Amino acid sequence: MSSVKIECVVNENCKIGESPVWEEKESSLIYVDISGKKICRWNSFTKQVQSVSVDAPVSSVALRKSGDYVVTLGTRFAAVKWKDQSVITIVHVDKDKPNNRFNDGKVDPAGRFFAGTMAEEIRPAVLERHQGALYTLFPDHSVVKHFDQVDISNGLDWSLDHKTFFYIDSLSYSVDAFDYDLQTGKISNRRSMYKLEKEESIPDGMCIDTEGKLWVACYDGGRVIRLDPETGKRIQTVKLPVDKTTSCCFGGKDYSEMYVTSACQGMDDESFSRQPQAGGIFKITGLGVKGVPPHSFAG
């Protein structure tokens, strides 16, 4: 094993940092601060962070083929124009649930944007249960609802052959797999691929590497774990200096760096004094594996 190195590259104390996405043409990391209501972009050369403030909790961001970004904002899919800092609603979901908001989202290999909802939290991971659903925004801006009764819709990604969709509903403490039809975007045959152990705590955001292994950020577990979907076994654990690790992605010029977002919401002064970098963005090098570049929304 090469030697793993962890560095805090953005020491900005996001309330709930989430949804890191590497943007190759800008050599930048895009991410959101959900309750801070900000979309952020960290430039890996200048080390500067720019941000766009929005009017609702913004929970995921994705690249768009035509340029700029799409986001999940409150219970809306929306388009963001970075230069003029404008946000245009594409479509609204969960209109009958005013207490809901989107959570994690990601674009599939065909350019569709998958994202799920949840009830607003009373405090971290405490909320009204079974209020969420999983949706897909198609490039023609139509929306399909896959299923409901979701607690906290979270990490998602696709196998390298695009035949399996991986998905996390956090309070199930499980990483699930579905059969995936790339032609239609349909999912079926749900099964549990990995159940988290007690010290791993709550499964949150997720990404895949070029060997087809999954990396899952463990909220309140202070770690990312590497899972083998073939065997359903954990094969590596990387511990971070903060407990509330929220999501992960690969980036850097050859996708050999891992970026991990974190949160500080709900922490008291004593916890903060022990973990002053809570809410920061971390870069992990020396993992010895590379990631898959993100897909862009085709609409």
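Going from the start of the chain as shown, residues are counted 1 onward.
Cβ atoms are placed via backbone N, Cα and C, with glycine included.
Keep in mind that TrEMBL annotations are predicted by a computer and have not been checked by a curator.
Annotation comment: TrEMBL describes Asp204 as active site, proton donor/acceptor. For Glu18, Asn154, Asp204, the entry in TrEMBL reads divalent metal cation binding site. Positions annotated as substrate binding site by TrEMBL: Arg101, Asn103, Glu121. What TrEMBL lists as domain 'SMP-30/Gluconolactonase/LRE-like region' is 16-263.
Mean pLDDT for the domain 'SMP-30/Gluconolactonase/LRE-like region' (16-263) in the predicted structure: 97. Each residue in Ser19, Asn103, Asp104, Ile152, Gly155, Ile168, Ser170, Gly205, Ala217, Tyr219, Thr246, Ser247 lies on the same chain as Glu18, Asn154, Asp204 and has a C-beta within 8 Å of the C-beta centroid of that divalent metal cation site, without being one of the site residues. Within 8 A of the CB centroid of the substrate site residues Arg101, Asn103, Glu121, the other residues of that chain are Ile34, Pro57, Ser59, Asn100, Phe102, Thr117, Met118, Ala119, Glu120, Leu127, Ile152.
For the pair Asn154 (divalent metal cation binding site) and Asn103 (substrate binding site), the Cα-Cα distance reads 6 Å. Looking at Arg101 (substrate binding site) and Asp204 (active site, proton donor/acceptor), their Cα atoms lie 16 Å from each other.
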